[in-house]
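Asker: Provided herewith is a single structure, encoded as structure tokens, for subsequent inquiry.
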Amino acid sequence: MATAASASASASPAAAFGAKTRRPGPSPSPSPSPASAFARPSPRASAAGRLHASLHLGGASATGSSIVSNASGIHLAAPVLAPLAVPKMTGAVGAHKNVLLFHCEEMRELAEQVVARNDDIELRSISWRTFADGFPNLFISNAHTIRGQHVAFLASFSSPSVIFEQLSIIYALPKLFISSFTLILPFFPTGTSERMEDEGDVATAFTLARILSNIPISRGGPSSLVIFDIHALQERFYFGDSVLPCFESGIPLLKSRLQELPDSDNITIAFPDDGAWKRFYKQLQHFPMVVCNKVREGEQRIVRIKEGDPRGRHVVIVDDLVQSGGTLIECQKVLAEHGAAKVSAYVTHGIFPNKSWEKFQPDNGEGPGHGLSHFWITDSCPLTVNAVKDRQPFEILSLAGPIASALQI
């Protein structure tokens, strides 16, 4: 009895309770070990395994697989997914576009230079003829081949007589189902007529801006308009919303040329008036500067030095354009009187009506009182370029490079 009592006392209450209530049946499965519990597949791994099996049965094959075991000892092959391929970006920064370049007759030489600067630009031709009554008879060669292409036109509005025929081409090109259209007008000719000083004055700069703002839209959207060193900064607001004006400058050409001079470390920039200073001083602010202005004495307008010291320096007068050249010559004389060692000049647009370029003579090493050491102009006005080519003190800085770059914008 004592032995039976001790045995009964050693049994746990749960065991005793179970002995009374549990029915006979199969013994429970043993608890899984820590190792087998760790190997139990996650729902994601099981799904991946089923996916791999379905792909394999369907005839497809995965790029790779890993082995996963579950508690039942079944081995599942889970695919190792290859990294996603990132598609190449089209139109990324630095990408080049092929451009078909048309031009007016005056701009043939400059257009050829632009094409020589960039292999992505192709020269195209236009037949410029006239009817017996003098009106233009124009023909765009191979017009069907420019569909879907980027097209540009290099224009020169050197006189009112050529503007109409060029506008006819400018309005026709965007309608030939081209991808985009760019008008390069290096010199905006009515820029000096931008304001009214008396009732009845007509601001022809605004008139021309309105005409160019109505260039037809191409399939790619509004046309682009490239202009170099427009005379008045507010003229950029004369253009409507249907054209995208892009204002470039010829000053980088001047800066590169100045670096090539033997006395490049002795350069001072002079501005003939406050307008020129406002327009260009930010691009030339690392140079010493002289600012001139005009003052009225009786019936005469005299150029005076407003600020700066030209003494002993090679002074370069900078402006956007020159017509008769009277102000520039007066500025040259004042700088020479105040001790400038040399005087040169730069303008982006050399207009020189009535052969006024003949007023400018080279100094021939005799000093600034006798003439200019250099007179740099760009080829924005081709008729002037033909007149002053190979004549001292003139030197041509070509816009071909900047135009080629602008066509890739």
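The count begins at 1 with the first shown residue.
From the backbone N, Cα and C atoms, a Cβ is placed for every residue, glycine too.
When I checked Swiss-Prot for this same protein, it listed these features:
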type: BINDING; residues: ASP229, HIS231; note: Mg(2+) binding site
type: COMPBIAS; residues: 1-16; note: compositional bias 'Low complexity'
type: COMPBIAS; residues: 34-43; note: compositional bias 'Low complexity'
type: REGION; residues: 1-43; note: region 'Disordered'
type: REGION; residues: 312-327; note: region 'Binding of phosphoribosylpyrophosphate'
type: TRANSIT; residues: 1-44; note: transit peptide
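Set these features in their place in the structure for me.
Answerer: Residue environment of ASP229 (Mg(2+) binding site) contains 23 other Cβ atoms, counted within 10 Å of its Cβ in all protein chains. In the three-state DSSP scheme, ASP229 (Mg(2+) binding site) is classed as coil.
Looking only at the region 'Binding of phosphoribosylpyrophosphate' (312-327), the predicted model's pLDDT averages out at 95.
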Asker: List the helix, strand and coil residue totals of the region 'Binding of phosphoribosylpyrophosphate' (312-327) as derived from DSSP.
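Answerer: Result for the region 'Binding of phosphoribosylpyrophosphate' (312-327), in helix, strand, coil order: 2 helix, 9 strand, 5 coil.
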Asker: Neighbour count, 10 Å Cβ-Cβ cut-off, for HIS231 (Mg(2+) binding site): what number do you get?
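Answerer: Cβ-Cβ neighbours of HIS231 (Mg(2+) binding site) within 10 Å number 21.
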